[in-house]
Amino acid sequence: MSASVSDVRIVPRGEDQPRRVSGWLGAIVVVFALVSALVTFLVLSGVTPIVPVHEVVVGVFVLNAFLILLLLVIVAFEAAVLIRARRAGAAAAGLHVRIVGLFSIIAALPAVLVAVIATVTIERGLEPWFSDRMRDAIFKSVEVADAYAAAQCKSLGREIRLLADDLGRAKPAYDVDRKWFETFLTARATALGVPVAAIMQGPDKTLIRANIDVLRDAPKPDQAAFDDARAAPEPICVVPATGRIFGALVKLPAYDNGFLHIAREVDPLAVEFPTVARGAAVEYLAIDARRKGVQVAFASMYGLIAVILLLSAIWLGLSFANGLVAPIRRMIHATDQVSSGNYYVQVPIRRSEGDLAHLGETFNKMTAELRRQHDGLVTASELIDRRRRFTETVLSGVSSGVLSLDGDGHITIINRSAESLLGMGGRLLGQPIAQVAPEVASFVADALIGRQRQSSGQIAITRGGRDRMVNVRAAREGEGAGAGLVVTLDDITDLVSAQRTAAWADVARRIAHEIKNPLTPIQLSAERIRRKFGRVIVEDKDVFDQCTATIVRQVEDIRRMVDEFSSFARMPKPSLAREDIVETVRQIVFLMRVGNPELTISENLPPAPVLAQFDRRLISQALTNVIKNATEAIEAVPMDERGPGRIDVTFERRDDGRIVIEVIDNGKGLPADQRQKLLEPYMTTREGGTGLGLAIVGKILEDHGGGIELLDRPDATDGVRGARIRLWLPEAGPADEPEKKDEASRRNAGQAEQDMQDGTRL
């Protein structure tokens, strides 16, 4: 496994760049919003030179609303990113949401509390100034001021009427002696305490005035006052807009368009207080009319400030949460990578993250150590795996069965040859050898418990109706209680059969040679004796003829047997040709059906021809022998137990390139034990049989690269008998393997012959 540290690395994702831009933009907007909130508070508090007039308040309101809108957009963007990450199941999304929620609550409570307190404070602070008592006090002061001014005007009115009456009576003197009249006017004005007294026809025309030095520059009534006095039946009071001189003006009927004007200086409060009180009342009413608007404006401004603080706190919470969760999220992604088997992951280290950066360094050290250990384990595992594959390849290519057992005798390794030999492929791992192959259990026990580290011998294994001769060797792998075993199974069935066949072929050749030579002289001598002495012998002639005929007949039987020996010993090599094997089988079945009309012989053959490499004569001989054996097996069934004789011949063309021909009968069947020995020469269960039929069939099929299997009828039970003989050969013809087997058979022929001779002697 080759990789580098840079192969997989947890880095900030592609979305981090816009997040960084939004972070800077948010920070700028938050700073401006907080500064704006502070300035707004100071302006509303009256601390700054800026007067919080309507225009200023509206401008500040618009500015704060715009900043709030920007904050809302930024917070909404961050919240959308957070919600999308939560829905996508991003790492640490739950922690992110909890932190933001906590900051929002912490920020919202003080902001809302401040806004409520500020609003209530304003309400409570303004309430005393706009109470009924304050309203009554202000309007009472206006009434007092008006009453004071009215008293002054009433006093001047009374005095001006007295003076007007006097002047009316003195009108003749006015017309005669103006000097005297001036003195009279001065005396009467002084007596009444009026420093200013004059008869006037308009603002700019004074007819006569009292000669008093006080208030000579007193203001004169304007034209409007004269017009009012002309229309009024009573004296009018002239209250100056500024100053402290009250006057009165009345029309003098006795004087041509003449008016009496008097004036007197009063207390300044009499002039200023009514004006101030009235102005204060007007302003109070105006403020009272605007009070709700002012309260709403101030509450709105405080609300805006609270919203700014809240959104700023939420943004700060989001920023803090992003800074806190980002390294945790990277760590979670990294641990996910590690859990999935990627030990080359590294998290980026940012010193600004503090303890989390230290955690990242520790994590990187851990993954580096895991990577080193993992690489070592992978290397060791690859080495072990290469060895295992090599061992499996070797074991799969070995014709011998190989099993590995643990110290308790359970199978840990088995190759295909052993599975095929034991007939339980694919289900043997973990099984006890005593249950799978009880024939091998004794050798395993000897190797495990005995003093010798290995045990070997030959056994017979029967699986699927087939008997096999097997060489067993069990060797202990080591010492100790937990030491395992290696068991090898060599199938020597074909080897033993080939050895015996070769030995018997040589024996048959020698016997045929030794017996066939004297048979002809014996037969000729018997025939000559019968011809020469048959006419001479009169007594016991029948006995004589019977004896000579018996000699000739027995010689013919011996000759036939010798011919079979010779045929078996001199089995020719097959002359292969590409022919239709289906037609060959069909012809043999036809001949056997004609020769055995009492039996039902059927065939199940494909309609199309099947071309194969085979020797037509030898295959015909082999199939004929098998069908002949089937007919004899049916005849061997006792008459009281025999049913309708039936022989079925089937043909199958398999995917592995083999042609399989099966002959199924309902005869007496095959023996349960030592069934494989029926393929050996001179092994027969039928009286009068030579025991060479199946041996010849096996030899023919072996020379064709095929084989023969002796099986029970598929539906055979205790009440149903029968055998199934399976013949198979490769469609493409034999490979070189049969020649090698023949060579091995010839090499072992000598030893096999010696075994046969020993067996004969026994």
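Residue positions begin at 1 at the first shown residue.
Yeah, the Cβs are placed from backbone N, Cα and C, and that goes for glycine too.
Taken from TrEMBL, the feature compositional bias 'Basic and acidic residues' covers 737-746. The domain 'HAMP' feature in TrEMBL is assigned to 322-375. The feature domain 'PAS' is assigned by TrEMBL to 387-424. TrEMBL lists 510-733 with the feature domain 'Histidine kinase'. Summarising the annotation, TrEMBL assigns region 'Disordered' to 728-762. The feature transmembrane segment is assigned by TrEMBL to 21-44, 56-83, 95-118, 301-321.
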Which residue counts does DSSP give the domain 'PAS' (387-424) for helix, strand and coil?
18 helix, 10 strand, 10 coil
State the non-local partners of the transmembrane segment (21-44) in its own chain: residues 6+ outside its ends, Cβ under 8 Å from one of its Cβ atoms.
50, 52, 56-57, 60, 63-64, 67-68, 70-71, 74, 77-78, 298, 301, 304-305, 308-309, 311-312, 315-316, 319, 322
Would you mind splitting the domain 'HAMP' (322-375) into helix, strand and coil residue counts from DSSP?
42 helix, 0 strand, 12 coil
